């Protein structure tokens with residue numbers, strides 16, 4: 001399964017950018033309150049709706065960071081199940097579908113334990129100093145469950161009147 005991911009935040013950034021879905025422009029939401037930086041490029045899957053009412057979040061493993069607004073054709077290799085103050089907030093873990101350097105990454109167990117722990121740690125602490133915000137990490141699931149969530153998110157989007 002391949003899909004498009006729109007990047008909002010490049011790897012290494014402490015700025016949290018979001019696409020304004022009404023104007024199509026990129027807005028600086030905030031600088032992270034903690035001293036952590038995004039461990040991968042971060043964005044969303046086009047034409048989806050996650051459990052939190054926003055497009056489904058996606059992390060993209062790349063050697064070099066891209067830029068806000070960059071569109072990348074991806075495939076999922078797993079998903080980090082988590083919740084925040086608004087409810088379910090799952091994060092897909094993806095790789096560019098045309099990059100031969102990541103061809104060996106086909107499922108979550110192909111990602112090193114340390115890399116998974118680094119991503120998990122980021123999401124467990126990145127909101128720590130923000131008033132009224134909270135995060136609860138859960139666990140990693142594999143490609144099959146990630147792809148099932150993508151399908152559910154496409155359906156939620158369509159059921160809400162998306163095209």
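Easy rule for this one: first residue shown is 1, then count along the chain.
Including glycine, each Cβ sits where the backbone N, Cα and C put it.
Matching 20, 29, 89 to the Mg(2+) 1 binding residues that Swiss-Prot gives (52, 57) identifies 89. Across the structure, residue 30 (substrate binding site) and residue 89 (Mg(2+) 1 binding site) are spaced 18 Å apart at their Cα atoms. With residue 52 (Mg(2+) 1 binding site) as the anchor, the candidate binding-site residues are 8, 16, 42, 84, 126, and the one with the nearest CA is 84. Of 8, 57, 84, 89, all annotated as binding-site residues, the residue with the shortest Cα distance to residue 126 (substrate binding site) is 84. Here is what falls inside 10 Å of the CA of residue 57 (Mg(2+) 2 binding site) among the binding-site residues 16, 42, 84, 89: 42, 89. The binding-site residues recorded for this entry are 8, 84, 89, and the Cα of 8 lies nearest to that of residue 16 (substrate binding site).
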